[in-house]
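Undergrad: Sharing a structure here in structure tokens format.
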Amino acid sequence: MSFTMKEGGFGVGDYVAFGVLCVSSCAGGVWYSAIGSRSKAVVDLKDYLLGGKAMSTFPVAMSLIASYVSGVTILGTPAEVYNYGTQYWLVIVGVTLSCVVVATVYLPVFCTLRLSSSYEYLELRFNRHVRAVASILFLLDEVLFLPMVVYVPALAFNQLTGFNVFAVGGAMVVICGLYTVLGGLRAVVWTDSVQTGVMYIGVVLVAVAGTLAVGGVSDVLSIAKESGRLDLSNWSFSPYERQTGWGAVVGGLLYWTCFNSVNQTMVQRYIALPSKRKAITALGIFCMGAILAISLCVWCGLAAWGAWVRGGCEPSGAPPVDDRLLPAFVTYVASVQHLPGLAGVFLAGVFGAGLSSLSAVLNACALVAVEDLLHGWLRLRLRPLAEGLLARSVTAALAIISVLMLVVIEKLGGVLGVATALSAIAASATCGIFTLGMACWWVGPRGALAGGAAGALLAGAVSLGTQAAAAAGLRAPPPAAPAHCALNATLTALQPDLDPETIFPLFRVSYHWIAPLGLLATLTVGATVGYFFDERDSSKMDAELFTPVIWRLLPREAHENAGMTRRLLNTKDVDSPTPSAPLILGQVSDKIEMNAESSR
């Protein structure tokens with residue numbers, strides 16, 4: 001049987017499997033929203049946004065995975081591997097290294113200061129205006145990313161059942177918005193845990209059944225090797241090649257460091273745990289889960305490629321294909337292996353991944369809007385009930401925007417590259433501002449704002465420029481098909497629609513390098529402007545405001561003031577509002593140990 005990329009269709013067994021798994025995955029969140037929290041979730045803002053900072057490690061780790069492994073990963077990664085080979089798989093090295101960087105550089109600062117919002121740090125280190133700028137960048141980032149999270153499951157549903165993309169997207173937002181708006185972080189985390197499990201079940205079943213449909217592991221590997229899609233030897237330094245070893249490793253490291261280190265979606269889960277040790281444990285589980293998810297999706301792409309080649313290289317499946325690859329491959333496998341219900345389980349997994357990512361982002365945006373913009377920037381404090389309703393209103397508004405923006409997302413192609421490029425705009429600039437604050441003691445508000453503006457402008461220009469070039473017809477040519485496919489007279493080689501030399505060089509770079517460019521611009525401009533134009537503020541010279549990695553380099557004044565900011569927070573003697581949630585550590589010494597000596 002040939003794999004044509006035109007497969008689709010849902011049977012009775014698929015509808016039953018999809019319905020049962022979706023209902024079970026959302027039941028926990030709906031229960032907590034309607035019964036478990038009741039009026040407390042409306043009035044108690046800290047419980048709504050941070051789960052009372054008493055969450056368990058494993059559910060939070062599953063929620064971290066859900067924040068990263070969305071439907072973009074599940075549908076985008078197999079298509080990327082099918083088109084361009086396994087070079088992308090090396091991104092797992094970058095993900096691993098990014099977790100090490102987060103645990104050693106950024107997380108100790110947040111856990112020591114015991115903050116309820118990551119952006120609150122920027123007010124302590126710089127001022128409330130820098131905090132507001134970073135918060136707005138975060139909200140902009142999520143406005144660009146949310147439609148992608150909604151679009152991918154809707155696309156899969158459309159491929160398998162024929163239902164309208166916008167109708168499916170709207171239904172998805174209503175389901176997710178219900179338990180996110182009503183239940184807060186507890187509902188999100190517990191629902192994420194179940195949905196992440198459903199997602200893994202779906203991807204594992206597709207990987208196993210797809211491998212058997214091709215003929216086994218050895219057949220998948222031999223076909224991939226013959227066609228050059230198992231090659232990991234491209235370590236070119238050229239930023240114009242879509243997939244290289246350096247692009248996947250270095251780009252993956254910096255992109256996921258930008259995302260995992262200071263993004264409120266992730267930090268909100270770290271600080272929902274009662275101790276730093278549990279936060280690092282959750283981060284480790286997240287790292288292993290992300291590696292497993294990426295590897296499974298890579299294998300699904302190779303299995304789909306093997307099925308296409310073994311089936312006679314039908315022209316309709318010739319690369320590059322779009323993100324409908326995996327839904328088509330699932331129905332192909334279900335037909336070949338006689339597995340009714342497989343498509344339903346797979347679609348439930350994609351929906352679970354999309355719902356969990358959507359709920360995580362919506363909840364984080366609500367916290368940023370209330371904690372950072374309302375409290376931190378505008379200096380307004382409303383009654384608890386009013387703030388709770390405001391948080392829910394922000395969540396609902398963003399959910400509606402994500403559906404409306406499907407009109408734009410539908411016209412873009414290759415969700416993996418598009419999502420990475422768009423989310424890199426704000427993520428790189430925001431991470432750069434935090435890094436300036438934690439590592440560059442000479443940088444003040446002027447340097448932070450100048451660096452953030454430079455990083456966002458550069459990353460935004462490159463990201464939007466690359467998307468415009470892609471829309472105009474600029475495509476990276478995929479590796480050659482196997483020899484016997486080339487003999488098929490109906491299969492013609494892909495010819496680029498646009499001469500790359502006619503495109504501005506920065507608009508031709510791979511999506512892997514957009515985040516590094518934005519981060520480099522932020523750090524370079526920020527450090528330079530800070531050195532020449534910022535004056536040192538002794539009230540900001542506190543060793544606890546800087547990462548332990550550079551403690552030995554800090555001025556003596558910073559060591560002498562170590563712990564000052566935290567003690568003032570505890571006694572409410574600082575200008576910034578005290579965190580509206582319980583502090584993350586029960587007891588922390590007022591002394592910091594550096595070079596085996598007490599700082600005070």
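Using the three backbone atoms N, Cα and C, a Cβ is placed for every residue, glycine included.
I grabbed these lines from TrEMBL:
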type     : residues : note
TRANSMEM : 15-35    : transmembrane segment
TRANSMEM : 56-76    : transmembrane segment
TRANSMEM : 88-111   : transmembrane segment
TRANSMEM : 132-157  : transmembrane segment
TRANSMEM : 163-185  : transmembrane segment
TRANSMEM : 197-224  : transmembrane segment
TRANSMEM : 244-262  : transmembrane segment
TRANSMEM : 283-308  : transmembrane segment
TRANSMEM : 389-409  : transmembrane segment
TRANSMEM : 415-436  : transmembrane segment
TRANSMEM : 448-470  : transmembrane segment
TRANSMEM : 513-533  : transmembrane segment
Undergrad: Report the listed stretch (56-76, 389-409, 415-436, 448-470, 513-533) having the maximum count of Cβ pairs within less than 8 Å of the transmembrane segment (244-262).
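TA: Result: 415-436.
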Undergrad: Counting only pairs at least 6 apart in sequence, do the transmembrane segment (283-308) and the transmembrane segment (88-111) share 3+ Cβ pairs under 8 Å?
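TA: Yes, since the transmembrane segment (283-308) and the transmembrane segment (88-111) share at least 3 Cβ pairs closer than 8 Å, they count as touching.
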Undergrad: Six or more residues out from either end of the transmembrane segment (197-224), which same-chain residues have a Cβ under 8 Å from its Cβ atoms?
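TA: For the transmembrane segment (197-224), the far contacts come to 21, 24-25, 62, 66, 69, 74, 85-86, 230, 292-293, 296-297, 299-300, 302-307, 309-310, 326, 329-330, 332-334, 336-337, 339, 342, 345-350, 352-353, 356, 482.
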Undergrad: For the transmembrane segment (56-76), which recorded stretch in the set 88-111, 132-157, 415-436, 448-470, 513-533 gives the largest number of Cβ pairs separated by under 8 Å?
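TA: Out of the listed stretches, 132-157 contacts the transmembrane segment (56-76) most.
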Undergrad: Let me spell it out: take the transmembrane segment (88-111), skip the flanking residues so only those 6+ beyond its ends count, and list any with a Cβ under 8 Å from a Cβ in it.
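TA: For the transmembrane segment (88-111), the list is 77, 80-81, 118, 121, 232, 243, 245, 248-257, 260-262, 267, 270-271, 275-276, 279-280, 283-284, 286-287, 290-291, 294-295, 298, 434, 438-439, 544-549, 584-585.
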